[in-house]
C-alpha cells in the first residue's frame, strides 16, 4: 500500500520490528510491543528517578509521583475501603500504564498502544480475572451472591440472575471498548482535521486562508484529547476499584 | 482572611525575647498554639477539598463517558451469547432474540448501577452489624 500522508487509519498500523516465530505462533516484536515496553520503561524510570532522593521537602518530580500515589490511593480507598488497599500495586500499575500509554499517543509520530482493542481487552480481562479469582478464593461460593440481588421474589430469581450474569460479563467489554473507542476516535478525528489543513492549503491562497479553520480545530482537539487521555485512564482505574470492591465485599 | 489576623495576634502575644526557662516555656506555648492552628486549618482544608471534589467537573465528565458504553456493552454481550447458543444448538433465531432482550435488561441494569451506587441494594432493609459503614 502506498503511503498516503492524510490517511487517518495509517497511524494504527502494526508492523514487525523483530520477527520472532515459535512453532506456528507469531511472537514478533512489533511497534505496539515497542511502545508498551517504552511506556513501562518511562513510567518505572520516572517513578524510580523521582523518588530516589526521598526528600522530606519533595522536588517537583517527587511531587508528581506523590500526587499520583495519593490520587490512586484515595480513589481505591473511596471505592473499596481499606481492605482494598492490598490491591494498590495492581491498581496503581494499571492506572499509570494506561495514563502514560494514552499520553504517549499524544506525541507526534508515536504509536497509541491503547487504540487497539486487543490491548485494552487484555487489560480488562486481567482486571476481571483478578476479581473472579480473588472473589472465589476469599469467599468461595459466597462470591456468587454477587449475582443474587437481595429482595427479589423467588419467581423472578432465574431471570434476574441471568440478567446479572450478562451484566457481569459485559464489564470487561465495556471497560475495554470504552478506552479503545475513545482513543481510536480521538486520534482519527485529530488526523482527519489535520488532513483538511494539508488538502486545503494545496488549493492556493484562498485555501491557505481557509485552512486556518481546521488548524484552530486541531489545536482545540489536541487539548480535548489530553483531557480524554487522562480521563479515560481515571475511568479505567475507578472501574477497576469498583469491580475489586465487588470481589472484596460481594452480595451487597 | 480572618485566620491570618488571628495568627498574627497569637504570635504577637507570645514574648519572643527573654532568657532561660522562661524562654523555653514561651516557645512551648507558642508551639502549642501553632499546632492547634495547624490542626484547625487542616480540617478546614479537608472539608473544602471534599466539597470541591463533589462539585468537580472532571468527575462529571468521567461519569458521562462511562454510561453510554455500559449500556452498549450489555447489548453486545447479550447478542453474542444468543448468537453462539444459536450456532451451537441450531435454534436460530430464538436464542438471539431472547438474549438480546436479556442483554438490553443487563445494559439498563449496568446504567442503573453506575448512576446510583449508593442505593444499589434494592429494597434492602438497613442493617446494623459488621457490614455497617462500608459500601
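Heads up, the Cβ atoms here are built off N, Cα and C, so glycines get one too.
Unlike curated entries, TrEMBL annotations are predicted automatically.
Given the ranges B:25-46, B:91-112, the record in TrEMBL names B:91-112 as transmembrane segment. Given the ranges B:1-23, B:47-69, the record in TrEMBL names B:1-23 as region 'Disordered'.
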